[in-house]
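What TrEMBL lists as transmembrane segment is A:6-30, A:37-56, A:62-82, A:98-117, A:137-162, A:191-212, A:224-253, A:260-280.
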Amino acid sequence: MPDLAIIIPSVLNGLTTGALYALVALGLTLIYGVLHIINFAHGALLMVGLYAVYFLNATLGIDPYVALLIVPPLMFALGYALQRGIIGKASHGRDENILLVTLGLSIVIENLSLFVFKSDTRAIDTPYSFEVVEILGAFLPLPKVIAFAGALITATLLWLLMARTDLGKAIRALAKERKGAKLVGINTEHVFAMSFGLGIGCLGVAACLLLPSYYVNPQVGHGFVLIAFTIVVLGGMGSFVGALIGGLIIGVVEALGGLFLGESLGQIGIFLIFILVLIFRPTGLLGHKV
Amino acid sequence: MTEKKQSHGIQRRDFLKTTGAAALGLGVTGFPAVLRAQPAAVKVGLIHPVSGFIAFSGTQCREGALMAIADINAAGGIKSLGGAKLEAVLADSQGKPDIGAAEVAKMAEAGVDGFVAGYSSAISLATSQEAAKTNTPHIVDVGVSDSIVNRGLSNTFRFGPGYGKIAAFAVDNLDTINKAAGSPAKTAMIIHEESLFGTGTANLLSEKLPEKGIEVVEVIKHANPTRDFTNIVLQIKSKKPDLIIPANYYNEYVLLARTMRQQRVEAMGIYSVLGGAASNYKFVKEFPEAAEYIMDCNHWFNPKSDVALQRKKAAEDKGLIYTYEVFLAYNAVLGLADAFERAGTTDKEAVNAALASSTMDMSFMPYGPTKMVNGQNEGAQPVNTQVLKGDIEVIFPEEFASAETVFPMK
């Protein structure tokens, strides 16, 4: 039985890892939770963001945190264009088509990046890669502490955007009643694309905060997609605070599961939670807010 | 609309007629005259997983094999065949044994004279078995599984060492290194990935290390991919083993090494067998601090051989990272070409016989004399490497060593 000296650092580490998961899930909760677009390309687009951060660092020497000013806007534009140019046009508003289109997109993006970047795993070394912050006797890597703060800020900003701006109101209106939204003069195509763009922009933020403690290769997104979907359902579809809390819970469950059940088996904790939530609280932890 | 389509169709047909006739004309009158003057090229099938989850390694293999073919051709081709050039026939196994085997079948039918394949053990088992149906010579470049050469296939050869030898060598050398330092290491912890490679290594070491006076205090298995190693590293910290033995692929190896560094793990040594990143220049270059002092038992070139160093430089000039895949695939092509040269024919029986009696000079590798027994080069062996001052040095066996072992690490 692991002693307390391990459990505390493990929980703290789970919280920071969970914050990273939450960052990936924040974009998805907007796209999947609010607009009900099952975006299978979410992992592939995270990979695109990670490559952007990597190449900005490798070629121009731009720090991943400075890249926060560049990558998220670019990812937003990419998301907007994808929704307007491809997903929206090809799906004709039918959910099953959207599913296939995003799945197709993910295959195309992954294979293109395999062709262009090769299967080579790339990581960056920053001056702070090995910096740690000591909390309660645990060494927490500085990049992960920053990512934790980043996740809190991003979730708050998204919540403010949805609650306080016209765009937020339009997105919510669209989610609740598509025809009604159209009738009152909301440009639904534009709002759809804005939401998708925002979701993908979140991935840009996630990429900037993730790369200093992780790596990128064409398959990197796979490890995050399923977890992100779990977090969205756990937190409640479309709830940003829910996604944040869900991410943190998943992070801690994964950490403690690994500690008590072994690293291979520990992952089942995540999916047990997923099943339990679906049975006992299908709307998710904070789902009623949607 | 219909009219428009028709007009396109006619144009295309016209185009095909014209170009087809032109090509036929050229074929009859022009090129064959040139071709007839050349001896027929010797076709070498290169089947590697250049896409899929092991694409990096597969691509490295292909590059190494292509470099060897280019070098051999530049040096005049196969002289006993009138200077016949080697011609690479490429295929992608996508990391899947069945696809690798299907590519072998296709190429064998198309008249390929020999194969160099397949990087992983699982793929090599499938490709060599398929090639055996037509008795086409097949060199396994990397795949280390002992069963590759234990099936009695007369067409299957390997110039590099097999797993049994590597593992025995790794345990013996660790023992030697430990004893030379006054046997300070008494406990070890094994961190391994969950597939055949990691599990096999973990089982073998758990059995052999106690015989050398090193107790294995814990064995931790992890999935691929594992996104975070903090938990595992925390357990390492609590057990405080003298030795940490990772057996995992590149990505997980790098994350583990980085996390150990972040969590300030203090051990006497990190020692791996066929470690995913420990003998990889990329890891050493990107994370010199995390890589420093890590020891590995792996394939390596002879650092005292000028030929080996020239090849390394040539590969690096091409922008390649000089990993073991590159030089092992290079050697495999070299071995096959040497067999064609000595056989003086591409007759499969004769080339297989030439391979079975190969005594090719491999002094550019840290090997003994080449001697084939059941298709396995008995002279092949791994070496121990250690990352020292940001470079990968050979520390054992002594005759090939380029640096002194630092153990326990500081």
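Every residue gets a Cβ built from N, Cα and C, even glycine.
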Give me the stretch from A:6-30, A:191-212, A:260-280 with the greatest number of Cβ pairs under 8 Å to the transmembrane segment (A:62-82).
A:191-212
Paired segments the transmembrane segment (A:137-162) and the transmembrane segment (A:224-253) in contact, 3+ CB pairs under 8 A:
yes
The transmembrane segment (A:37-56) versus listed stretches A:6-30, A:98-117, A:191-212, A:224-253, A:260-280: most Cβ pairs under 8 Å:
A:98-117
Distal contacts, the transmembrane segment (A:6-30) - CB-CB under 8 A, six or more residues away
39, 42, 46, 135-141, 144-145, 147-148, 150-152, 154-155, 158, 171, 195, 198-203, 205-206, 209-210, 224, 227-229, 231-232, 235, 237-240, 242-244, 246-256, 258-259
